[in-house]
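Here is the structure we will look at, set down as structure tokens.
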Amino acid sequence: MKSLLDLFKQFTPDEHFDAIKIGMASPEKIRSWSFGEVKKPETINYRTFKPERDGLFCAKIFGPIKDYECLCGKYKRLKHRGVICEKCGVEVTQTKVRRERMGHIDLAAPCAHIWFLKSLPSRLGLVLDMTLRDIERVLYFEAYVVTDPGMTPLKKFSIMSEDDFDAKRKEYGDEYTAKMGAEGIKDLLEGLDLDIEIDKLRNDLTGSEIKIKKNAKRLKLMEGFKKSGIKPEWMVLDVLPVLPPDLRPLVPLDGGRFATSDLNDLYRRVINRNSRLRRLLELKAPEIIARNEKRMLQEAVDSLLDNGRRGKAMTGANKRALKSLADMIKGKSGRFRQNLLGKRVDYSGRSVITVGPTLKLHQCGLPKLMALELFKPFIFAQLEVRGIATTIKAAKKEVETGTPVVWDILEEVIKEHPVMLNRAPTLHRLGIQAFEPILIEGKAIQLHPLVCSAFNADFDGDQMAVHVPLSVEAQMEARTLMLASNNILFPANGEPSIVPSQDVVLGLYYTTRDRTNGKGEGLVFSDTGEVRRAFDAGELDLNARISVRLTEWSKDKETNEFVPSTKLWETTGGRALLSEILPKGLPFSNINKALKKKEISKLINVSFRKCGLKETVVFADKLLQSGFRLATKAGISICIEDMLVPKEKTSIIAHAQKEVKEIEQQYTSGLVTAGERYNKVVDIWGKSGDEVSKAMMAQLSKEKVIDRHGNLVEQDSFNSIYMMADSGARGSAAQIRQVAGMRGLMAKPDGSIIETPITANFREGLNVLEYFISTHGARKGLADTALKTANSGYLTRRLCDVVQDLVVTEDDCGTLDGSVMRAIVEGGEVIESLRDRVLGRTIVEDVLHPENRSVLIKAGVMLDEDLIEELEAAGVDEVKVRTALTCETRFGLCAKCYGRDLGRGGLINIGEAVGIIAAQSIGEPGTQLTMRTFHIGGAASRAAIASSVEAKSNGVIGFNAPMRYVTNGKGDLVVIARSGEIIIHDEHGRERERHKVPYGATLTVKIDQTIKAGAILANWDPLTRPIITEFAGKVQFENVEEGVTVAKQVDDVTGLSTLVVIDPKRRGATKVIRPQVKLIDATGNEVKIPGTDHSVTIGFQIGALVQVRDGQDVGPGEVLARIPIEGQKTRDITGGLPRVAELFEARTPKDKGTLAEMTGTVSFGKETKGKVRLQITDPEGKVWEDLVPKEKNILVHEGQVVNKGESIVDGPADPQDILRLLGVAELARYIVDEVQDVYRLQGVKINDKHIEVIVRQMLRRVVVENVGDTSYIAGEQVERSALLDVNDALRADGKIPATFSNLLLGITKASLSTDSFISAASFQETTRVLTEAAIMGKRDELRGLKENVIVGRLIPAGTGMAYHEARKAKDLMDDSERRAIAESEAAELEASQAETSDENAAAE
């Protein structure tokens, strides 16, 4: 019996493998796969519908059409299995072998494989060291190649045309061999001796850069061939494999027609041309005819492998390009992305969602019909267990009739069985969550309102999919990891995701507001019960100010018990009643205020940190219920009267119109240019709009009421519209402004501002022109949104791909490295506090108390909220913490360097896929970012101009290291440093704020001066940039010639004339001269720079207005010239999504700035045409120089000392330069800060560590510099972890390790250059990746998540990590151990079977 069962058992090969290798197939290998040669192009007989013998669907080669039945019908049934029918030659077996048996075609002439020819760089070209053009000419029979020069002076590998060939044939006769087509190429490949070639190339890695690069490429390729045991001649095919027929099916349609796979067409062409060629060769046809046929065969093989790669694509009957083998695997609808990474899932359904306000957070409502369908296997099992149905068929019938017992069983199997809900697009981890189903009538799924923000769902027709976890393990994972009540924080930033919104917020806000002179004001209550009774009796208003005695519970630190404390609170009725739902341990002060949306979010956060997960979930549910109930009770509604138009509106608008008229008049009389007029008009209207909205908000937000003493007082308004905006429930000041103020300025689709504003608002109504203006720009917004979604999705995909294999693999890597974190301060304002930056990170070095230097926190501790409060109390302003970038774990990250798992609130677990989480956190808000680049101009830039800085706090003044200044004649201090900063310290010497001060600013404070908050620290002219002298002397002009280098400008109004430096190119000057100033001292000599013999020369830039006269005496700190900032081209600022993509792709920005390559003194060399020669000389006398285009803005002047990495030419920095000159830490800081700037502008919070994780992956490859004793080639790019492993092994043997330098790759490049070819091929450029991998004979170690999904295993992350470790441990055991385990398992099984049979016997 047992053996018979084994007979029927499906045979599955052992799935235990650790790696996948790809290579090239030799002709012998292809023949060994094949079950026979396909000789005829026929498919099936049109009369019998049976496959033709030796054709593309031949049953003899590929297997039977019907299970266990030969083609002619002589052998049927299972008893003949394995017999080969003597009449039709078909083996009697299962028909599914037609999916796996391959055939082959013997080619009459060899054909080159197009992938190795045309996929750049051409592998054939590299091996043979010929150009692609030449190889193509040979392959497609346009030229000969010399394969054996014999005794002639011809060179091997040389190309000759037909005429040359004839001439040489006459000259040398048969002394030499030259061939055409793939045969020639094949001969050349066979003639290569890899060992000799490799030696030659290894010795030839010298000479010019280009040559070295080329030789290194060839060397790598040859070594790849040698190592993988692949012969180069296999790149030319002698035998073509034929795909199994069931993978290229022929399907009969109704009406006697057939639908066929394109591959059949392509194969048919190859077979036709091949047979014809074979016949021609047998007939000894003329060379030219055979040659043409060979070329056609080559083309047919090309289009079978990759149609359209060369020449025109082959088309079918309907002019559509045929889908070749290559097209089947690449692209979105190819094998990788469509079938391997994006499978459809069984046991799933989808339906519309509706709101379920009565559900608990961990529940969802599941329609009965859906549940019945989804839980069928469980219902069938129960029916069998209960003995209601004996077979599956009977059970099916039972379920279909829908007897009451079925519904009872459904109730039972659904209990405690979580289901997963998913809303597309699933942009982050919270897009799929598990819930316990509650059966409901109807056909819509009910969703808990609090999880909507995580799913980004609303109830306007959204649909959601339901998936059922089947196995016990899956159910357990769903319950512990995915249950909605376990996911209450966003993994992106650690904020709560279950924050109430809209109605709930409005209800809670209304309840916790206080009102002057409410009913029952001033009453004192003994407890909340009494308040409740007074409220129910109608004696107390919710908003009335009262006093209540309340009990608070606080946790005792020693005993961990809750201890009560009671005190009298001044509060309102609503707040007192709300205090009933507070969990133990949450102080009342948290809700003793008007609860706006932000406050409620904070409240839930505090609750989670203080009271734990369970309490918080219950609390959130209670808040939700109260909010809905109170919003209903409050009865807030809006009417036209609520939209108060400010009284001042008419006068403000009239004033603005008057100003605009004045400017129009100035314009007509030629006093201002058109551009200035436009800017000023836009400015005026912008200001007026703001004034109107200020007046409107002032009027809306306050109302006058009479208090109980009869006085008129002001209180926060109870205007419904104001309450909605103020609470954060819906709407904002900007929207109210459009309803009740004035709509203001509108933008055109190109982003420019229309200068006539809409002065009306929605309450007054718009006229036709105003309506048209407002629709004009709005349409662009809708078009943008569609583009944005696609762009953002693509960014997320690239991010996911680059980090997909980054998993936390160990607890602690033991690194002593880290990066110093301090608060981000810009313009004296703290943009991101130290608290936000270091929360949940591990400390590297002991944190010392700033005053008494005692150890506050030991190294290796993760900072939580309590510790951070200690830090803040002590006033620590910088902490060195571990980051993902400094982690030393190979092929992964360690938990300590990553720190807190933001989505769960504790230290990250081993096995967490932090890479994917980082990619999702950055990609998910992508759709909220803007798409356009901002043109600075018009109103936008006006607001950004600052002309002074003031202190925000009291303290002592200090300056940073690069700050330099001189004292001018008036005794003012003038800044002459490019990157000077004023730092304010408090009395303990801790830095409180720092302000950047521009070149040429006047300092109003001195070092170590004590100042009060609000003091002006420095001021400057915001509209011009000065050129300042550091020394005293008499001005001597050089090259200042009117009409050549300068022009006189006379001001129309004042009549004063100034000299403006002009571009001499326009004046047709031959040599480029630059106007400059030298200083002459009292003795008539040139003033020298102290310590050098350089004269002080100060050059003027084009567009500068000269402020001094020739021969004038100047003192230090005086302004020689001013450059108007208006005159400069305004740079477009790339913002939003494109900026983020640009940073992660590590693109070199256009018009990039230059950084100083070394520390030294600046000088200017001889100018070339249109370029300035900028030189830096270091203390040792080494000189570095760069040519800078004239129009660029050089930030340094002659004789200035610069530090390595300082900006010397204006423009955005190039990340590659930052990495090279300033190192990894500085680069990471740059990318993190820049990305955060974009997101911060949109109000999106993302934790820095996510960006760091991405940067780590961008830096994961290194360039080998000195090869040492390794087998690498200098200049080769390798995986950092792999190289470090190799180096460790070498050190252990006492050999020389390789040295390397860091390499920054953009995310696309980094994804494609990963060691895993499966992951790279499924990302982009599939052909190129696979070609390269096959030639190198690459092994994929299946380390990442993607590779494992593709080969169909559990991913090595989370619970899958344990599975893989156990599997590897089992592989390491020896056979005896394995046998012992198997025997013990079998014994257990037999024992249990014996027990059940005993029980059954007893029962009978």
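Here, residue 1 is simply the first one shown, and the rest follow in order.
Including glycine, each Cβ sits where the backbone N, Cα and C put it.
The Cβ of C70 (Zn(2+) 1 binding site) lies under 8 Å from the Cβ of A59, P64, K76, V83, C85, K87, C88, V90, E91, V92, each of which sits 6+ residues away along the same chain. Classification of C70 (Zn(2+) 1 binding site) by DSSP places it in coil, neither helical nor stranded. According to Swiss-Prot, the feature Zn(2+) 1 binding site maps to C70, C72, C85, C88.
All protein chains included, D460 (Mg(2+) binding site) registers 6 other Cβ atoms within 10 Å of its own Cβ. The Mg(2+) binding site annotation in Swiss-Prot covers D458, D460, D462.
Under DSSP, C897 (Zn(2+) 2 binding site) is assigned to a helix (H, G or I) in the three-state scheme. Feature annotation from Swiss-Prot assigns Zn(2+) 2 binding site to C813, C887, C894, C897.
Annotation source Swiss-Prot lists region 'Disordered' at 1377-1404.
In this structure, the CA atom of D458 (Mg(2+) binding site) is 39 Å away from the CA atom of C894 (Zn(2+) 2 binding site). Take the mean position of the Cβ atoms of C813, C887, C894, C897, the recorded Zn(2+) 2 site; other residues of that chain with a Cβ within 8 Å of it are E810, D812, T815, R882, A884, T886, E888, T889, L893, A895, K896, Y898. Considering only the binding-site residues C813, C887, C897, D460 (Mg(2+) binding site) has C897 as its nearest partner by CA-CA distance.
The sparsest Cβ neighbourhood within 10 Å, among the listed binding-site residues (C887, C897), is found at C887. Here the CA atom of C897 (Zn(2+) 2 binding site) lies 70 Å from the CA atom of C72 (Zn(2+) 1 binding site). Residue environment of C72 (Zn(2+) 1 binding site) contains 14 other Cβ atoms, counted within 10 Å of its Cβ in all protein chains. Counting other Cβ atoms within 10 Å of each Cβ, the lowest count among the binding-site residues D458, D462 belongs to D458. A Cβ within 8 Å of the Cβ centre of D458, D460, D462, the residues given for Mg(2+), is found for these other residues of the same chain: I353, A457, F459, G461. Sequence-distant contacts of C813 (Zn(2+) 2 binding site), defined by Cβ-Cβ distance under 8 angstroms and a gap of at least six in the same chain, are C887, E888, T889, C894, K896, C897. Of the listed binding-site residues, namely C85, C88, C894, the sparsest Cβ surroundings within 10 Å are found at C88.
Secondary structure at D458 (Mg(2+) binding site), as computed by DSSP, is coil. The residues near the Zn(2+) 1 site, meaning same-chain residues not in C70, C72, C85, C88 whose C-beta sits within 8 angstroms of the mean position of the site's C-beta atoms, are L71, G73, K74, Y75, E86, K87, G89, V90, in sequence order.
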